[in-house]
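Notes follow the structure.
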Amino acid sequence: MEIDDEAPLSDSVTIAISLSPSSSSSYSSSSSSCSASVVPHPFSPLQQTAESPPFRPLRMSESGGMLSLGGWSHDGERLRFVDAEGNEWGNVVNRFNQLATVKGGRNGHQEVVKWSDFGSCIGMRETAEFGEEVLRAMRGGRRDWKRDITKSELHSYWCRMTDPWLDSRILLFFDLCDRNMDGRIDEREMKQVISLISPINKLAIKNKEAEEYAALIMEALDLQHRGYIQASEFEALCKAILPKGSSTISYKKNHGQQQEPISKAEILFRSYWRRAWIIGLWLMICFALFTWKFIQYSHRAAFQVMGYCLSTAKGAAETLKFNMALILLPVCRNTITWLRNNPGLNSVIPFNDNINFHKVIAGGIVIGVILHGGTHLACDFPRISGSDRSVFRQTIAANFGYQQPSYFQILSTTEVASGIAMVVLMMIAFPLATKWPRRQSPSLPRSVRKVTGYNTFWYSHHLFVPVYALLIVHSMFLFLTDNLVEKTTWMYIAIPVLLYAGERIIRAIRSGFSEVEILKVSLYPGKVLSLKLQKPKGFRHKSGMYIFIQCPQISPFEWHPFSLTCGPEDDYLSVHIKTLGDWSCQLYSLFEEAILTGLKQYPKIYIDGPYGASSQDHIKYDIVVMVGLGIGITPFISILKDIATRLKKSSSNHAACGEGSLEKIPLKAYLYWVTREQGSFNWFTDVMKEIADTNQKQAVVEVFNFLTSVYQEGDARSALITIIQSLYQAKYGIDIVSRTPVRTQFGRPNWFNIFSKLARRHRGARIGVFYCGPMTLARELEKLCTKFSTKTNTIFVFHKENY
């Protein structure tokens, strides 16, 4: 389809359908915006009562023969009974052959499958109950429909389900809803089908709601109040509402002036130059230090005994001193939060990648330890103990009291013992800090998972305290020199250690006075805990920041980061915590117990912060795209609330957006929230409604919800949900899934199409893409940012939350 320059980012349709019982259906479509708010359309007073609001934008003529429905996207084929991919007839035959048994009959022996295996054969193993209903409909609902299926019968059923004619598939869908196969669907039958498909799509639809939705469909189609609907009316509704067309977007060629797309090399430079120069500088310093010490020890007397092994070990030791000092700086969070407020520094130093840089330095330390310790243990020490006595006396005998030591005597010295102890502690801490043990990956053996997790990571990471103490001891007892000037380890680490220790002391003092009063506690579906806290005096934060939370009842030492979900101008603080680890599970259990038992006092909570995060950089862009997976929406909630507050202020002051404020408001902000649980939408219902109300005055924010538990739009298993959703939102302006004005889309987003539309709509703009969620999608989004920045003249700059 062709997309106009001003087309909305979520394709939608306004469709008129004829509902006269005898007439064939006809429809026409036009473009209409589908934003977070619902704009009332003119409506006829027909069928309006005091208790029941009119359809919006459902319009009926006075003759009762025409209605108009708005707001449904074109995505995928219409009314599919089989999956779009990987479900050819050959796959069906393979599944049939696996399940078939040979039975005798009037036509001789033939292969058959049980009727209960029909869903498995056609690729509906997870929704076998729905497959059985499809089989019942195709067998006309006869009493003997529960009989075995031959391959020829299966092929005929398959052909009907994949019939290219939409009318045929709609008729099959009608038969599925027509429980008693009398050619009519009444309200009771419609309710039964709704009750069937809701658990298939993991939707919580209560019995009363199913009755309401069934009545809604009857109200829309049974205009003559006969108590039933016929196939022609049902067909008209399906054609009007169900998505149509291809998910592939064809854009009109731009005949106007347009800049040439920039090269891939240039976009890579623009995207990564800040990281590149930091990493490049770090590598240059490490190389320079290694080379300096390598050359220096190549001219020492000890070189005659140990050779290049000594130079390699000492060169690696010098890089270790530097990296052991540098690794503390990226985790000095107060300092980084303060520095990132400087626009000049923030423009050249990638503060958002502080944790990633911390990990890179850790990798450098691992390499340094292997080179330094490995060459000492495998090369230097054997050469000292086994060297020629005359060479030993002429070179390094004075350093060993003129007595040549054995290998084990060398290992028992203070220098070596402290070094080995450091390596042992690092071997414990480093593996537990990697992704799989920290997140208790299911791929790990069960015995290993029991001793891993975030708590194990947190405690083991604090082994750095004895490591640094041992480092000082190690550096003071050197074999080859007694000159204090050459014992430079303390010079490297003094300032970083003091800075880090000062930060920890400040945090301890500040948090000690920051026991906050808990104003409200809410428990949401998906085991999400919402805490509304009293805002400490003098506490100031910006949208996108996060805080650390401690619960002394669980542990007096553990602090965990959580994004603030309150706006900067709110008089309270709020966080939403999903139980993803052992600490959060314990916290949830404590508050759940307090609520259920009616305790007057909640567990104590201490906070520390606020701290800066990559989401703060949204103020750098006029166009902002925010993508959150599940609980990953939390960093963007404070941004949405901040935008809504500023829009209200600018509107009340009759001023332009952002005028008079320190931080500007984006010209356009897009939020894409992808979740697998319907209950997730309850977390931020009030915020979504607030955004919808604000958007009616100034359409700055567009919100797109995606629920992946519901089968993709166009699938027969979710088709009736699609119909009900459109009718309900047309009448009440509320989405039946999220219970907000924001319409929920089903299945996973087509990110390629989304970026295509963004690039088309905002030609020549620089768009900030902010993401919070698993790394799998992060890599995909980053690739798309690079791809579209290269192929179009719209620049996409990717940011990911790192705590």
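Glycine residues also receive a Cβ, built from the backbone N, Cα and C atoms like all the rest.
Remember, TrEMBL labels are computer predictions, not curated facts.
If you look up TrEMBL, you'll see 20-37 marked as compositional bias 'Low complexity'.
Residues or ranges marked as region 'Disordered' in TrEMBL: 20-39.
The domain 'EF-hand' feature in TrEMBL is assigned to 165-200 (among others). Secondary structure by DSSP for the domain 'EF-hand' (165-200): 26 helix, 1 strand, 9 coil.
On the 0 to 100 pLDDT scale, the model's mean across the domain 'EF-hand' (209-244) is 87. The domain 'EF-hand' annotation in TrEMBL covers 209-244 (among others).
Residues 269, 311-312, 314-319, 322-323, 326, 348-350, 357, 360-361, 364 of the same chain, all 6+ positions outside the transmembrane segment (276-295), place their C-beta atoms under 8 angstroms from a C-beta of that stretch. Per TrEMBL, the feature transmembrane segment maps to 276-295 (among others).
Marked as transmembrane segment by TrEMBL: 416-436 (among others). Same-chain neighbours of the transmembrane segment (416-436): 362, 365-366, 369, 373, 376, 381, 410, 443-444, 452, 456-457, 460-461, 463-464, 466-467, 470-471, 473-474, 477, counting only residues six or more beyond its ends whose CB sits under 8 Å from a CB of the stretch.
The transmembrane segment feature in TrEMBL is assigned to 457-477 (among others).
The transmembrane segment annotation in TrEMBL covers 489-506 (among others).
Here TrEMBL flags 511-617 as domain 'FAD-binding FR-type'. Each residue of the domain 'FAD-binding FR-type' (511-617) gets a DSSP state, and the totals for helix, strand and coil are 21 helix, 38 strand, 48 coil.
Residues of the same chain lying 6 or more positions beyond the ends of the transmembrane segment (621-640) and with a Cβ under 8 Å from any Cβ of it are 526, 528, 543-546, 562-568, 575-576, 578, 580, 613, 615, 666-677, 680, 683-684, 687, 691, 701, 758, 762, 765-774, 777, 781, 796-797, 801. Among the features that TrEMBL reports, transmembrane segment is placed at 621-640 (among others).
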